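What follows is a set of notes on a single structure, which appears directly below.
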Amino acid sequence: MTLTSIRRGYHVIKTLLQYGLDEVLPPKMTPWYFTLARSSLFWIRNKHKSKPGGERLKLAMQELGPVYIKLGQMLSTRRDLLSDEWAIELAMLQDKVPPFDGVLARKAIEAELKASIESLFDDFDETPLASASISQVHTATLKSNGKAVVLKVLRPNVEAKILADLQLMSQTANLLEYFLGEGNRLRPAEVIEDYRVTILGELNLKLEALNAIKLRNNFLNSDALYVPYVYEEFCYPRLMVMERIYGIPVSDIAALKAQGTNFKLLAERGVELFFTQVFRDNFFHADMHPGNIFISRDHPENPYYIGLDCGIMGTLSEVDKRYLAENFLAFFNRDYHRIAQLYIESGWVSEKTDLQAFEQAIKVVCEPMFNKPLDEISFGHVLLELFRTARSFDIVVQPQLVLLEKTLLYIEGLGRQLYPQLDLWQTAKPFLEQWMAEQVGPKAMFKKVSTKLPYWSDKLPEFPELIYDNLKLGRKLLSSQQQMLDKYLKHQQQAHKSNYMLITSAVLLICGTLLFNQDATLWSPYVCLTSGVLMWFIGWRSRPKNRKF
């Protein structure tokens, strides 16, 4: 551990204690050695006693800087770990930091391009259009075609700062898991590892560019989503160049109303977009907060979304997708037994879980939701409550499912902000039922067979030879099994014979010893003892050696 990391560690601890976060921990998470360590830092006082715990945590993370702000944003979606009060406070964290000097941005851009900005772009503006914790955005126009573009460039030395903070977080999380029993349930090391993977992905703008290209191709000619064109020839790990868009921020409801936006259609398209990305494309935007979503200015009666910032994308396995779809359908059919089965079958919960106890726990949580009309039931909170319940049964949390839960909460919240009467179930159910029919019905089987047909037809000439080889292998296997069985039986026979001889020798030796004290003929004890020793020797020599079969 370097001197710099020690200083940073002290600053983090000091900040957390100044916000009194040690005081909001439950007693079982504060053993005697924790109390002793806190007492040794007696000069650091809680300066925010009047504020609730969730607000203290939010302010502390805000003060600690960008890496902790992003961690707080991620934790705000983990309501299986945090209370609603704390999660709501963390959701208010804003990833806004002062911009860095435009001259430094120019140098960083030219270092990636290995050329001057003026040789490729006109009207480069050193004043940033937007600034965040990891990157900054500048505007320009392309010399080649005169089109307006934005240049997204990483902050200087941002990687080193993030890696240093991640290392400190990881060490702290490991200590928590080691010392605190409750820490194992909260799995801090797992949370930090998920965060590490997410934030390191955001540090590679070339990867973000490839994600944006893929998402754009998935929705070419779509009425629901537009992804700006990426100029791949100008994209590098620290630089990304893309088409500039002129939309209305989705959070600017007043501007959307002023242009006469069709909010009902917009909200329904948001839900359709989510399910299309997850179930049709298996590639979904996992950072769809309001800052990354704009609405088209043209044709407000037929509006579409404009998606930005593809640094965090999610995918699900085919198995996870099917179980997830079945989960939603089972919930709205109130089939709690099937939900419990699905969690176990999918491997999300251990197969050793008591099915009846798990089913009852799900029922206790979910049944009260049906006191509301269907259009008031939150899809995101259904998924959240199911995962929270499963947590008490040691669910194996899948990072991709956490991303999905976060995205669903964003989309659902956004949809109901745009159109409060949005019936998410009515919009989503036909999509899910159609997708399930395509996956498990006759059409799905025919499609899978059709997909495999070219491979099978290519292998068809080899079938006779494969059958012959398998029969030959089968005969060898049977012969080998018979040989092993013969060896095993012989081994057992030898073992029985040896045991018989050893037991008999023990009996003779005992009898010979007893006869010395009886009125027996002079030679009787010696015959028994000699016979016993001889039989013991024969039995010992005839013992089978240990063999593995």
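Keep in mind that glycine also has a Cβ here, set from the backbone N, Cα and C atoms.
With Leu129, Ala130, Ser131, Ala132, Ser133, Ile134, Ser135, Gln136, Val137 listed by Swiss-Prot as binding ATP, the candidate from Lys107, Lys152, Lys161 annotated for that site turns out to be Lys152. Looking at Ser131 (ATP binding site) and Asp287 (active site, proton acceptor), their Cα atoms lie 17 Å from each other.
Shown are the binding-site residues Ser131, Ser133, Ser135; the one with the most C-beta atoms within 10 angstroms of its own C-beta is Ser135.
Of all the binding-site residues given, namely Leu129, Val137, the one with the smallest number of surrounding CB atoms inside 10 A is Leu129. Remark: Asp287 (active site, proton acceptor) has Asp309, Gly311, Ile312 as non-local neighbours, by Cβ distance under 8 Å and separation of at least 6 in sequence. Reduced to three states, the DSSP call for Ser133 (ATP binding site) is coil.
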